[in-house]
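Here is what TrEMBL says about this protein:
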- 14-38: region 'Disordered' (REGION)
- Glu54, Glu84, His87, Glu171: Fe cation 1 binding site (BINDING)
- Glu84, Glu136, Glu171, His174: Fe cation 2 binding site (BINDING)
Amino acid sequence: MYRRTGLQLIRMAMPPARRGQANSTQQQQQTPPPLRPRANALTDEIIRVDHAGELGADRIYAGQMAILGNGPMGKTIEHMWEQEKGHRKQFEQLIQQHRVRPTIMAPIWNVAAFALGAGTALLGEKAAMACTVAVETVIVEHYNDQLRQIMESPNPDKELLATITKFRDEEQEHHDTGIDCGAEQAPFYKAITEVIKFGCKTAIAISKKI
């Protein structure tokens, strides 16, 4: 004689069909995303830097929402933030599937990006939109450069090409939204955007390599 565990008793009490469903659900939850052949140097770099960029964008909008979420711009910022969260999720999946090492700078970008979003939002809605315009200008140019690189490579990754094209178009939409919402009317617009653009380009250059 031996004592049955609580889990064994529960499983015995379940009808056979329910047991099968439970096993199936458990297997689905434990199944990791399918691994792909290790990425070539170009794909490895693209996925690492774009994952870092979308992490940063996610945190920028999180910072803006923390300050402006309950105001007139809340719904607009929330819409852009939801798209950025989708971008981040997609690149997190690609990181796993292609077994790409994320940038070691991720914890720093996480904090710095939130501070950038919240800091510009504290200066007002137009300053927050100036931040959006600056960041998205750099990201759209960055994605266009990557699209050219992929298309010129010997074996273009069509899935990655489609993903970046879609995300590039959504980033352009965010840029245009910022302009429409008065970004260019922000105090010191030129100075703010140039500083932010320089910071974004520096972060991109670092994240490509480490």
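Note that Cβ sites are derived from N, Cα and C of the backbone, with glycine treated the same way.
Spatially close to His87 (Fe cation 1 binding site) yet at least six residues away along the chain are Glu54, Ala57, Asp58, Phe167, Glu170, judged by Cβ distances under 8 angstroms. A count of other CB atoms within 10 A of each Cβ picks out Glu171 as the most crowded of the binding-site residues Glu54, Glu84, Glu136, Glu171. Highlighted in sequence order, Gly53, Ala57, Asp58, Gln83, Gly86, Arg88, Ile139, Phe167, Glu170 have their Cβ within 8 Å of the centre of the Cβ atoms of Glu54, Glu84, His87, Glu171, the residues recorded for Fe cation 1, and are not part of that set. Apart from Glu84, Glu136, Glu171, His174, the Fe cation 2 site neighbourhood in this chain, defined by C-beta within 8 angstroms of the site C-beta centre, holds Ala57, Met80, Gln83, Thr132, Val135, Ile139, Val140, Glu170, Gln172, Glu173, His175. Calculated from their C-alpha atoms, the gap between Glu136 (Fe cation 2 binding site) and Glu171 (Fe cation 1 binding site) amounts to 6 Å. Counted within 10 Å of its Cβ, the other Cβ atoms near His174 (Fe cation 2 binding site) come to 24, all protein chains included.
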